[in-house]
C-alpha cells in the first residue's frame with residue numbers, strides 16, 4: 001500500500017491525463033514533457049520525507065555508534081529506523097525525479113523502492129511487537145541464543161518479503177501498458193494494491209492480538225505482585241494503567257496512520273480525484289515520522305547514547321534507567 005508516494009499529480013501534465021480530466025488517480029509519467037506545475041501535495045510529501053530521513057538517520061547513527069546497543073531489542077529498532085530512513089529518502093528522490101527526470105524506468109524503480117521500504121517498516125513493527133510479547137511470555141529464556149536466532153530470522157524474512165514486494169512492479173506487475181487494470185495508485189495494478197492492503201490488514205490484526213495478550217500478561221503480573229504483597233497499591237494500578245495506555249497509543253497511532261490509505265486502496269476507484277489518494281497517503285507517511293519518537297527517543301539507553309554522541313562525555317549525575325524490551 002505504500003507505493004503511492006512515488007506518484008505524480010495526474011493534472012501535472014496534460015498528455016498523461018485519461019478521459020476523466022481532474023478525476024483521475026495519481027500517475028507516473030513515462031515522457032519528458034514541459035516542466036509540471038509544482039503540486040503542493042508533492043511538496044508536503046517531500047517535506048515529510050526529509051523529516052523522516054533526518055529523524056531516523058540519527059537513530060541509525062546512534063545504534064551503530066554505541067556498542068552497548070546490540071541487544072535484540074535494539075537490532076529491531078535499528079531495522080525499523082533503517083526502513084523508515086529508506087522510505088524518507090524514497091520520498092525525497094521521488095520529488096526530485098518527478099520534477100527533474102521523467103523516465104519510466106526511474107519511476108518504476110522509485111515505486112519499487114518505496115513499496116519495499118514501507119513494507120519493511122510495517123514488518124519491523126510487527127517484529128518489535130512479537131519481541132515484546134516474547135520478552136513477557138518467555139521472560140526466563142528471553143536472553144538466550146534461541147531468541148537472538150529467532151529475531152534475526154524474523155528480520156531476514158521481513159526484509160526478504162519486503163524486497164520481493166518492491167520488485168513486483170519493477171518486474172512487470174504494473175499497469176503502464178494496460179490502463180484498465182490501474183488502481184488509485186499508478187502504476188500499481190488493482191490486484192497489486194489489494195495484495196499489499198490485505199498484507200497490511202493481516203499484520204494489523206496480528207499486532208492487535210499480540211498487544212491484547214501483552215495487556216493480559218501485564219495485568220496478570222500486576223495482580224500477582226499485589227497478591228504477594230497482600231494489597232494492591234496505588235503505584236501498581238498507575239503502572240499497569242500507564243502500560244496499557246501506552247500500548248493503546250502505539251497501536252492506535254499505527255492504525256490511524258495506515259488504515260485510511262489501506263482501505264482507500266481497496267475501495268477507491270482510479271477515476272476518483274487524486275487528492276483523495278494524497279489525503280490518505282500523507283498521514284501514512286507520518287507513521288515513519290512518529291516511529292523513532294515511540295520506539296527510540298523514549299528509550300533511556302538511546303538517550304544516554306545521544307548525550308555521549310553530542311556532548312562527547314557523560315555526566316554521572318544524570319540518571320538513566322536501563323529498560324527492557326517489555327517496557328512500554
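All residue numbers here begin at 1 and follow the chain in the order shown.
For all residues, glycine too, the Cβ spot is worked out from N, Cα and C.
Automatic prediction, not curation, is the source of TrEMBL annotations.
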Original post:
From 149-173, 299-323, which range did TrEMBL mark with transmembrane segment?
Top reply: 149-173
**OP:** From the ranges 19-40, 107-128, grab the one TrEMBL calls transmembrane segment.
**Re:** 107-128
**OP:** Express the predicted model's confidence over the domain 'G-protein coupled receptors family 1 profile' (55-295) as a mean pLDDT, rounded to an integer.
**Re:** 88
**OP:** Give me the stretch from 41-66, 73-101, 107-128, 149-173, 275-297 with the greatest number of Cβ pairs under 8 Å to the transmembrane segment (193-212).
**Re:** 107-128
**OP:** Rank 149-173, 244-263, 275-297 by Cβ pairs under 8 Å to the transmembrane segment (73-101) and hand me the top one.
**Re:** 275-297
Original post:
Is the count of Cβ pairs under 8 Å between the transmembrane segment (41-66) and the transmembrane segment (244-263), pairs 6 or more apart in sequence, 3 or more?
Top reply: no
**OP:** Please indicate, using numbers and ranges, the residues of the same chain that are 6 or more beyond the transmembrane segment (149-173) and have a C-beta under 8 Å from a C-beta there.
**Re:** 3, 72, 75-76, 79, 83, 108-109, 111-117, 119-120, 123-124, 126-127, 130-131, 134, 187-189, 191-192, 196, 199
